[in-house]
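Features reported for this protein in TrEMBL:
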ACT_SITE  B:Ser17  active site
ACT_SITE  B:His44  active site
ACT_SITE  B:Asp137  active site
DOMAIN    B:5-179  domain 'CheB-type methylesterase'
Amino acid sequence: MVLIEYSELETLIGRIHEISGFDFSGYARPSLLRRASRYLTQHTMNVKDLLLHIEPGGGIVYDLIQELTVNYSEMFRDPDFFMKVKTDVFSYLESYPALRFWVAGCASGEEAFSMAILLKEAGYLERSIIYATDLNNKVLTAAREGVFTLGNTRTFSENYLLAAGKNSLSDYYHVAYNMAVISPEIRKKIVFSLHDLTGDGVFNEFQFISCRNVMIYFTLELRQNVFRLLYDSLSMLGFLCLGKRETLRYSGIEQNFKIIDSTLNIYQKIQ
Amino acid sequence: MNIKKDDSLSLVLIGGSSGSFVIFEEILKLLVQPLSFAIVFVLHRGKSSTSVLPELFRNRTNVFMSEPHHLDTIETNTVYFAFPDYHLLIGPDGRFYYDLSEKVFFSRPCIDATFISAAFSGIPVKAALLLSGSSADGAFGVKVLAQKGFATYVLNPKDAESPRMPEAALQQYDKHTIIYKSTLIKVVQDILYSHAM
Ligand SMILES: C[S@@+](CC[C@H](N)C(=O)[O-])C[C@H]1O[C@@H](n2cnc3c(N)ncnc32)[C@H](O)[C@@H]1O
């Protein structure tokens, strides 16, 4: 395994910024260090080689950015979270004639599709619209296609059942050329678009924002800015959801939220 | 990056998998007096085993038990347990960081990830122990720690219920101190409560 020092990581971050404009300076160093080391190991090179080889317009830097931003996701990841949203959040939404959801950092759409299915089964999908955003164009393209391998759908189906799904996940996709394609009735309620949580601003007001397993990669400081953006994008009594091991602590907006579930990280804006 | 908050912080790291749980219990029973450092346990366990460890031991000792949250500051006199299904990293700012990337050795948490992050954090590691397990996870991490000059201990493979893990560690690096089942408790007690560092 090829290891790298924090000082070398800083050099690499600077170089990536110069070459591609992509700024990792607000990303948490411990996980970046680990990702960088894994990238070097896979490509059997050391930092010096890498610094020599990345150049403007070359493919390596995009490869590297891809590797450093973790895009892994699953449909119905943390099934207990989806169960809780269904039982404890949806009832609050009853009175709204139109509902806006935001899945921030949506990767290839897994979470947005899950949300749409959950809403469909609860009878809310018709009056809902889900905005799903990410800063990575590559994953957004995949999300718009809504295509997964059958291997993936096996895990997703297990999660779906654990989340007490009412039907079978296969009711929401069809199989073509050995791939699972999410059905149009689910997709048509989702708008996928490019949005950088660290640079772009408020673009709508939402009753529900899910930003799970995204800020976990940000530094404490950057994270506070993003929390502010999410806060400003939420309507009063709207819901904010974070990943299972994340926390609203150290966010700067703790006092504005009521805890709906502290282990599953579901909060409601109360001031 | 933030400057490290607590200059007096040091760590004891303990990693293991199958066959290590009993030893963990033995070690936890030793924790009767306050500790001048933090202990971090990385034990392979399934997704569903959430919170089992701290509950099991919470009321038995004078030492705090915690499954830390992302960004929590590492405190002395606390025993931390890596949460299942996430890698647990130790940052140079003395905080925990979770990492959701792919499994390593079919494991998340992976022992190497925690050990290597500690080795590079700049926080002194008082001791690192690798116990029993059926994969080579931890072997590389404990070597990195040894090469950084920290005290490393590996369970004698013959004494391990699953010898693969300590075997791999000794193959990769042969200067770890070997701990034997018969003297394990004594050795750990010395690490925990000796005042020399
Ligand atoms: C691990 S995935 C989480 C996917 C999904 N929310 C989940 O929990 O399974 C993290 C996603 O955040 C995206 N991301 C990282 N930095 C971002 C930023 N500054 N703005 C928007 N998205 C970002 C990554 O591209 C990646 O797709």
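Residue numbering: from 1, along the chain as shown.
Glycine is treated like the rest: Cβ placed from N, Cα and C.
Features recorded in TrEMBL, as mapped to the structure shown.
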residue	record	DSSP (3 states)
B:Ser17	active site	coil
B:His44	active site	coil
B:Asp137	active site	coil
To see if you understand the setup: which same-chain residues, six or more apart in sequence, place their Cβ under 8 Å from that of B:His44 (active site)?
B:Gly16, B:Ser17, B:Ser18, B:Ser107, B:Pro109, B:Ile111, B:Gly133, B:Ser135, B:Asp137
Let's check the environment of B:Asp137 (active site): how many other CB atoms sit within 10 Å of its CB?
29
I'd like the number of other C-beta atoms within 10 A of the C-beta of B:Ser17 (active site), please.
25
Return the average pLDDT for the domain 'CheB-type methylesterase' (B:5-179) as a whole number.
89
